[in-house]
Every structure is written in C-alpha cells, then in structure tokens.
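Chemist: Would you mind keeping the following structure in view while I ask a few things?
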Amino acid sequence: MSVKASGGSSVARPQLYQTLAVATITQAEQQDRFLGTGELNELATYFASGAKRLEIAQTLTENSEIIVSRAANRIFVGGSPMSFLEKPREAELAMATVAPGNVQEGMKLGTVTYVESRGGFLENLRSIFNSSPSGPTPPGFRPINVARYGPSNMAKSLRDLSWFLRYATYAIVAGDPNIIAVNTRGLREIIENACSGEPTIVALQEIKAASLSFFRQDAKATEIVSQYMDVLLTEFKAATPSNKLRQRPSGDQQGLQLPQIYFEAAERRPKFVMKPGLSASEKNEVIRAAYRQIFERDITRAYSLSVSDLESKVKNGDISMKEFVRRLAKSPLYQKQFYQPFINSRVIELAFRHILGRGPSSREEVQKYFSIISNGGLPALVDALVDSPEYSDYFGEETVPYLRGLGQEAQECRNWGPQQDLFNYSAPFRKVPQFITTFACLYDRPLPDQHPYGSGNDPLEIQFGAIFPKETRNPNTSPAPFSKDTRRILINQGPGINSQVSNPGARGEFPGSLGPKVFRLDQLPGTIGKKAAKGASIKFSESSTQAVIKAAYLQVFGRDVYEGQRLKVQEIKLENGQLSVREFIRALAKSDVFRKTYWTSLYVCKAIEYIHRRLLGRPTYGRQEINKYFDIAAKQGFYAVVDAIINSVEYSEAFGEDTVPYERYLTPSGVALRQLRVGSIREDVGGKVQKQETPLFVTLGTVTDTRTEPDIQFRINQGVSKQREQTKVFKQVANISDKAAVQTLISAAYRQIFERDVAPYIAKNEFSALESKLSNGEITVKEFIEGLGYSNLYIKEFYTPYPNTKVIELGTKHFLGRAPLDQVEIRKYNQILATQGIRAFIGALVSSAEYAEVFGEDTVPYRRYPTLPAANFPNTEKLYNQLTKQNDDLVVPSFKTVQPRLTLAGTSSSGRNGFTDLGRSSTSAQGQLGETANRCKPARIYRLSGTNQAETQLVINAIYSQVLDLFSSDIPANYRLNALEGKLQTGEISVREFVRELASSDIYCDRFYTPYPSAKVIEFLYRHLLGRAPATQEEISEYNKLMASRGLRAVVEAIVDSQEYARYFGEDVVPYPRSSSLGN
C-alpha cells in the first residue's frame, strides 16, 4: 500500500473547543430528544449573563497589557519585560511618519514606549497588609533575570502569558472552561523542559489578582472571573494526560494514538451503561440509546416499534446489554433493514458501524468476516463481532456501543473517507460497498488514466475535469488518490525525442510530418526586412494572412465562427502588422463568445482544462498545475487566467509571437480516438474486425438449376401453413364481468377439448357448475379445462372407444396442442393410464411444466405447430388434419422402433396375444369413476390462506379425504369433528394441528388402528400423513416400538412434528400423495 494513498477526500472539521450552547444542543441531538428543563434553565442563565460576560471580556481585553505587565513584573527582574511582548498587528493610519524600525533598534535608540503597571498606590498599600495578595507562592520560586533568560525566551514567555489571559476571556464568553482545559493542560511539562514551572504559577496568580482588581465593585463579575481563573490555575498545575491508544486486535491494523486534548475538544458523546440500580426512566434511556446505535434511529419514538421481551429481560437483569445488542442485530427487523437489501460486503460495513462503532480497518479484516458471513449468514457475523476481544475491551457487558469517530479515538488514513461516510445518517442508502472497493481498487492497482479531478476514466476527452457531484441517488463514488506529485501521461505530437519533459530545449521545435500543421505569420509589413527569429523555418510559414486568421479561430474556438462573432478590428490590425499573433490569440480568448462558450457554462476546473488545451496546446499535468490556475481564477477572475497562460514561459518558448497555438500533447485516450485504424485497434479498446465472408449454409443453399413456377409454389407451400399466423388465442382477462367474453372463452374450450361445439349434444346441463365457477372467478381456466377432461362425456368420447396409445395421442392433442414427442413420452403416459386411469393421465398433462409455461392459468389450449423435434411435425399435421370419428388409426407409430439385439425365439405369438388386454385399463366408464380412479388421481395441493369461507371448506374436505382415505368429496356426517372445524375456520389452529387431532381421534382408530396389525398401521400413517410409503424396514421398526410403548397418538405426533412433514407441508398445506406408486 502506498503511503501517499488515503481512503477518499471527505473534509473533516474537528471541533477545537466546547461552548455551553453547542455542547447542550449537541447532547440533546445525539439522544434524539428535546432539551430538558435543567438544560433550558442553564441556557437561559447563560444568555441572561451574556451582556455581563461580553463586558468582562471587553474590560480584560482593553487592560490586557496592564494585566500581563503586572504578571511579568512579578516574575522577571533586571529589565523591562514588556519590551519583549509582540503586539498584534493593527491597521495603520494613512499618514506620513518616520519608519520606526524594529523593536531591538528602538530599544537602542530609546524611542520605544511600553505600558507597565505595578498596581498603583492603593494596590501597593493593600500588598503591605496582605503578604500574598495574589495567592500562596510555591516553594522553590525565584525571580528570573531578564538578561540571563535571553530575548528569545523572554518573547516566548510574554507571548504565553498573553495567551493565558486570552484563553480565559474566550472561555468566559463561551460559557464553558473547555477552551482553557484544551489549551492549558499539559503545558507545565513543556515549560519545565525549558525553565522552572513555579514562575508560571506565580504569574497566573498575578493575572488572576490583576483581573479581579478591575471588578471590585461588581460581585457577579468577580465570581465569573474567579471561576475561570481558578480553572486556568488548576489545569496548568494538572499532570499531562496520557494519549488515547487505539486498540489493535490484529497485526494488519494501524496502531494509532490520539492526544488527550483532541478528545477533550471534540463533541461529548454520552456513554450509556445498563446498571441494576438505575431507575425505570434511566433504563429506558439506555434501551433507546441501543436502538439508536443498532437501527440508526429511535424506533420506539419514530415508528412505535420495540422488542418488548428483550427489553423486559435486559431491565430485569436476565440478560446483559451485550446479549441485548446481539439479539437486536439478529432480529427480523434488523435483517429487513440492513441485511436483505444489501450484498454481503455492504452488510459487513454496516454491522461494523452498528456493533463496533467503526468501519473495517483493512482488506484482511474484510476477507475474514466475509468468509464468516458467507458460511454462517448474518447470525454468524453478529456473533463474531459481539464475541470479539475488541468489543469486550471497548464496551464490556454493560455499555451500549457508540460511534468511535473523529475526536473519540485516532482515525486511520486508509479508510478515512469511507468511514466518515459510514457515520453519516445516509449510510444505509448507499448500496455499493466502499471499504472493500477502496482496499482492493485504490491501493492494489495503479492510478487510472484520468483527470486528477475527474470522477472516472476519460473514454471521451470531453469528460475531463468533472468535479465530484453531490450524489443523492445510488451513490457509488470511488475516489482515486491522486497526490500533488502525480503527473499525467501525455504523448507528444511529433518526434518522441522532442518531449519537453525529457528535452526542455526542444520545446520550440515544430512537429513536422508527425504532428499537426503549424501556421506562422512572418511576412507582414511590419516584419519585412527584420532578421528572422532563431529557429524560424520558411517551410512551416504561411504567407496568406487569412489562412492564419482562420487557423487561429479554429484553434481557439474549435470551430468556424459566425460573421457577426468575428473580431474585425483585431483582424485588420493583425494584417497591418500592428498586432502580433500572440496578442490576436489573447483578444480571441478574452472575447464574449469565448467566455460564454468555455467559461460561463462550465465548472471552473473544466473550463480551465478547456482553455489550457486551446491556448497552450496540451492538457494540464496534474493537481499542482491546475490548482495554480484555480487560485488565479478565484482571486482575479477569467481574464487573469487567460493572461497567465499566454504570458507563461512555456507559451513563449513553444509559439513565440508569430505562431498559432496547435495541439502539442494528447492523452492516451485522445491518441486512440484519433487513430482508430484497423491495425491500431487493441482488443481492449474496440471490437475485433472480422472479414466479411458468406456463411457456408448460404453457399450450400444456393440454387444452381432452373426451377419452374409450379415447382417454386410447391416448395413455398411446404412447412408450416398460414394457419399458425391466423390462430386466435383465447385468454381470460382480469375483468370477468364481461359475460359475453367469458361465454366465448367457454365455447373455445369446448371446441378444443371435444373438437366440436358441445351445446347441441348435451341433453343435461352437465357443465353448468363449471361454467358458473369460471364466470364467478372461483376457478381458473386451467381448472376448467381439467374439469372438462374429468367429465363423463370426455371419457365416453375419447377414452372408452380407443386403445391407450390412441388415448394418449388425443390427450396431448386436446390438452397440449401437439402430438406425442416420442416413444419415451408414450411409455410414460401409458404407464400412468394402465396403473392410475384416465383422470391421472389428464391431471399429469394439465399439471405438467410444459402446460404451465405455454398456457399458464388463464389460456385455453390451442394448436401450437411445433417444429422441433422434426419427426413430431408431420405427426401433429396428420393428427389435426384427420377427423376423430373417421378412423382409429394410430399416428404416433410412425416413429421407427429400435429392434433389440437379442430376441426370444421361444416366445410364441399366442403368448404375446395373451398379454394384449393386460395393458388396457378398464374400458368401463363407470369403473373409472369408482374407487380406484379417485384413489389414483393426480395430487392437488390445498393451502389454507383464510381468504374466504368456501376455500376453507375445500381445505377441510381435503383433510378428511387424505387422512381418513375417503374416495368422495361428500364427507359422512359421523366422520366430521365440528369443534375442530370451527377452530380452523376462526384461525385458532393450523392445518397441521387439525391433521394431528384427526389422526389421533377415535374415528381414525376405528378405521385404521383397531382392525389392523401394527406394521400395517404404520404404513397407513405414512401414506395419510406424509403422502408416501415407508422407505425402509427401519422406519417401520422405529415407529412400531414407539406405538407399543406409548400408543397411536405418540406416533402421530412424532410424524407430524418431523422435519419431513415441516419441509413438504408446513403449517397450512394439506398432506397429499407425493409418489405416483401410491395406492397400487
């Protein structure tokens, strides 16, 4: 890491002293409260005494020389001490006087006068009756001889005495002795290194006595002066405080120390400690301080939020403040505010602020805690911070964490900027991590190729010099640590040997053919006959004055100007030789057009960069150069900046009086922009140039023979027909009040599923219930389609008359809009049909991922014209182009089957024919509506959301059907548990509790527990409560032992409370069959 790098450029304004008003208001603001009665009374008293304090300060200031003189005469002998007092500079009157010379010269001549006082007659008279008028003289005190002490030491001593009095007056006006404490404590040790400290104590006592002598008739003023003078004496006598050391838990952090005076001068940050003996209100204040530190606001006051159980425990002493902080940082509220919206790096930074009161110190520290949060999440990070030795050293078990910012302890330089930003109230609004970005990007990488005051790299040269904006939305600044010694890389336009950095003598050399054309004006009336300047070259001269003028406009303005913007008078003077090219350039740069273009509308920094490029022909080198022009612009204005550039030595050496400025140096990005040729494009700059070649498929597809019109039309008509473009998709919209649109959608569903409009063929209103539910929004289009597939009409028309393979073809046609893909899909659905029936087959189609992706919940299936795989397209065409009632030929067997390598020679045809009927499910429509069909139908998931009563009733019926193994939606009255149903409807119990009580009830015992052996009961419980069969014999043995020892209810509770049940069903989901083999 570079020692010159720093973590940003946040401006810090350390507080130098405390005042009564600011300290009181700051303390209330830190605690997020209004001023208390005592604080208001203290402020009122202070402001009421304001006039008196100002009067005291004015009196002491006017008589400061007299007071200092008495103190100096008390400790110095053998000369006039006041002659060494340096007076503050005063404004001199504008009148002719003789120069007084310096003080030493005046002392020799005897022309210097001093204000000295030894107290007057009455004061001397008092001193006769008071042996020690100014206080007890410390032992070992001896007056100091002026001649031996020396002029330098005398000047320092008189200066110190004057400053002591000045500190006292400042503190009196501020109403807080903090100024005295900050500037006086520790000076005794410094003074004793040069001389004895007893004379200073005697002098301070004399300052106090002399100051009080001016307020003998004013008791209130005497009290105020005595109070602050006593503080001055006490603080001077006090020992030098030790520095505040910053804890250094690891070797990768910086070991720092903060002088105690900086800590005393900083704003007071109250520290809250939870003690058992505190009152209720004081404990509430401590808890609110913890909220402010962890959540960055008082959530009790702002949002009426609190963690009441934790508050009670910490108030009663059940948990310490350390545990209280730990649990707050793990609370759901903290996770929502400071964990979920951020990436892990930013979470670490915020957690450091909230728990340790600082930001991360190093890259190694960030890596350590990043590993912790990646492996264990937020709880592991909180535990690591709270259990760290640093937390114990700073806060212990009882102290609420606080911000350890500027003035509280020494601050590190490498994370300076990010840490100051982290302490701001707006820190949670920044999503981009700052610390790891600073450590990884700024310190381990070279400086970017950018302007030192730019906010990023310069991909275009018009972006240089942009001042850092005030980011209020998605802030992501990452400052680059450019020091004043950093110099930008500039490329010379011309021979590299003529660079002005390596070869300053070649600054006036022209670039020749390697650079821009140079325009010089050397054949004017005023210059003919004169000797050419050294280095002048006719080759690069321009005899046409108008060409030089046009080049000057192009260089200064970057474009041609309008006729009304031209400077006609200056052009005429240039043509007549009355004006040099240099002065003409100066006139153009000071014109209103130039000022409005490159000064008024831009940042000062950006304007200086533009002007520097236009007039001097190169960008600025760095901060040191641009700061000089910035200072000139701030003090003298725009015209002074132009004069400073044109009058510079570099301008004279590079262009002289007769050369138009030209572009001498460019940045690397500028060179790349000007040389985007094929051979010069780098891979990291631009795209790779590809040679244009005709693709191979175009070459191979080129027609070589002549084709007739019928042949062309035949080829055009191949493939997907126009019907795909003309297909109309019927979709249910959110507005279901349009009954005509709903009826149109229902008719489209009938035509898709039954391949005809079924209204003329229905004698009974078989689908009235489904239509009503769809119109009322109780079911979706997907459920409506599924209901049509379960109907008796569909079973009669498309299941009973056909073999299973034909049923699969028709099912994929009606519900997926295509033919079967391959034999694998046919075998899959054939197995479902053979084992579970038509309802399970339709449910598998409608519940498939393909159906959800293509049609979703609100779209009627339609013909999709699939083109992949290619073998499936002709099958779909044939399936759709033939009428269902024409024949029952199979379409899908067009797939070529793979012959096995080994054939069973002994297998007879009669044997194969014997198994033909075994692959068929029952051909009876009534049989499919019976027990087996209901038991094997695909699982439908019921979840209790509590939105309406009808949905809750469906959930209750589903529970009875699953747990009691009922095959009808009509639940017998003697099976119902009305008390449990009422509790579930009112939300007193969850679905999980309902299942637990139902499986433990007498009804379940009579049906599945009493009639069967234990092993069979365990199988029933697995199927009814977990939706699967036992996986291993060990599961049956484990629950057999539990049932034998504790009974049925214990087994039910063990299964319902298991992790598997919680994972798949949770609290609100009805158990459902999770395996296709269930019920076989």
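Here the Cβ of each residue, glycine as well, is placed from N, Cα and C on the backbone.
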Chemist: According to Swiss-Prot, which of these ranges is region 'Phycobilin-like 1': 18-76, 726-784, 785-843?
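Modeler: Spelled out, Swiss-Prot records region 'Phycobilin-like 1' over residues 18-76, not the other listed ranges.
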Chemist: Select the range from 252-432, 514-693, 922-1080 that forms the most Cβ-Cβ pairs under 8 Å with the domain 'PBS-linker 3' (710-888).
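Modeler: By the under-8 Å Cβ criterion, the domain 'PBS-linker 3' (710-888) pairs most with 922-1080.
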Chemist: Mean pLDDT across the region 'Phycobilin-like loop' (77-144), rounded to an integer, is what?
Modeler: 58
Chemist: Taking helix as H, G and I and strand as E and B in DSSP, count the residues of the region 'Phycobilin-like 2' (145-237) in helix, strand and coil.
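Modeler: Per-class counts: 80 helix, 1 strand, 12 coil.
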Chemist: Cβ-Cβ under 8 Å from Cys195 ((2R,3E)-phycocyanobilin binding site), same chain, 6 or more residues apart: which ones?
Modeler: Ile144, Tyr149, Asn153
